[in-house]
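K.L.:
Sharing a structure here in structure tokens format.
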DNA sequence: CAGTAATACGAAAATTATTTTCATCCATGA
DNA sequence: TCATGGATGAAAATAATTTTCGTATTACTG
């Protein structure tokens, strides 16, 4: 099941009644949707065009048309790509390897399909002009933050990240309008990260979220929302594929950030590499 | 070369001048079209909305919207394994995204091809029976070590990792025959990691290396050698794809390690998953 | 070299689709 | 019971697309 449909599936419990009706219809007849207009879908699903339009925005689409477009793209992809493989007990090693491979690859390709270039560009622009960049995340997402931190430092950007939640908030409270804060959390509901990003927002910093696709608290606090694909409901994953997808997005941000200065910066990257060699 | 685009290509000679302009634009920027409205496309391609609408009907689409939808579906299908794409200055964001996608996917699939199941199984067995696991790595590889560390801790394995090289060696010098040390370094020539793994080996610990494919110092110190794929020489990467490949191998190790206790352990790993349920 | 016919083309009207506004309804809790 | 707030759809507003229609241009004919 592709990303959008599983995202709908996952959020269906949190929806309003009519939204549930619509979600149900979409899940039942995904291929149908893409040939319909919003009016027809309203009749079929028992909702109104207004509710459908709102429904699409739940998933951060610009509107119904974009929803349809992305859905069409995903459904087209589904036929020729493997679906996620669940990892179960007692697998022979060979099956584990193949399951990990397909899950990780899926995670990257699904996330790519889901990317909103405009949001991405906004995020890159914000990072580019930031005086100071704060990165928030705990546990696995904390490592993603550190990864980005290492990259930013290497190109001479002022950035910080903390594993201590108190330090995160302390740092956030010192941000200004010229600064950027990036909150990373797969679920989008990690309380420490939410607290830090909220604090950053209140101080006027530009806030960016990186979470799984859909509506969540972290996203609602962010000026700019970035998403990774949602894994299927019930998929046992242990943060593995999601982390790969997050790194994928981080890499895109980073390369986007340096691309127009690429020729200047790459030597510096090499240089900082040499520096380490020289001084160790 | 999806069907629609090649159909356009094929018919381009028989088209009217303005239609040719439009065709040219579509062929040059197919991915762009999907995000445009008919008005914007008219401006960009130097035609009018009327001509575009007629253009779409040339190919028997109901209209522009259907054309866009079908095009989106076709473009999504391009699943082929591309070769690594170098990332160069001034790329439009779209190309960066696609380059990162193909590099990361390649990195995973190539690494999978390269895996030696016997070595992998030996590594898993060693980790499984280890009293204590030491993980060594600096900079980007240090984060991979920390990632593995977090996973091991969550399943109750005794493991440590240090960013400080002195601590690494100190820890290594306390290992015994019952212990396992894993050294991570893309090049296999990072002196801190080499020093730590050498120390571990001298104390009788089972040593595992994770490096790029080939011969290198770290591998020569290891009882068990694991490899990631080598990126093309001269590829500018900033440690991006290699890190994904390393995580891929780590994940396989980890799942292999816990697979016979999978059902007990996985719920414990799914922190974020539980969180969502709890908050709603 | 007219004159005519056919076609390409875009401006703008017409149509259609989508989003937003706003009034109403309904559930919830004081 | 009465606010209150949120969900909802009717209808207005807006946006997007298609069609119509008149002009311009080319091609063809006598």
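The backbone N, Cα and C atoms fix where each Cβ goes, glycine too.
From TrEMBL, here are the annotated features:
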- A:2-78: domain 'HTH rpiR-type' (DOMAIN)
- A:123-263: domain 'SIS' (DOMAIN)
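Can you tell me where each of these features sits in the structure?
P.N.:
Residues belonging to the domain 'HTH rpiR-type' (A:2-78) score a mean pLDDT of 85 in the model.
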K.L.:
When the domain 'SIS' (A:123-263) is classified with DSSP, how many of its residues are helical, how many are strand and how many are coil?
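P.N.:
The domain 'SIS' (A:123-263) comes out at 69 helix, 24 strand, 48 coil.
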K.L.:
List the helix, strand and coil residue totals of the domain 'HTH rpiR-type' (A:2-78) as derived from DSSP.
P.N.:
61 helix, 0 strand, 16 coil
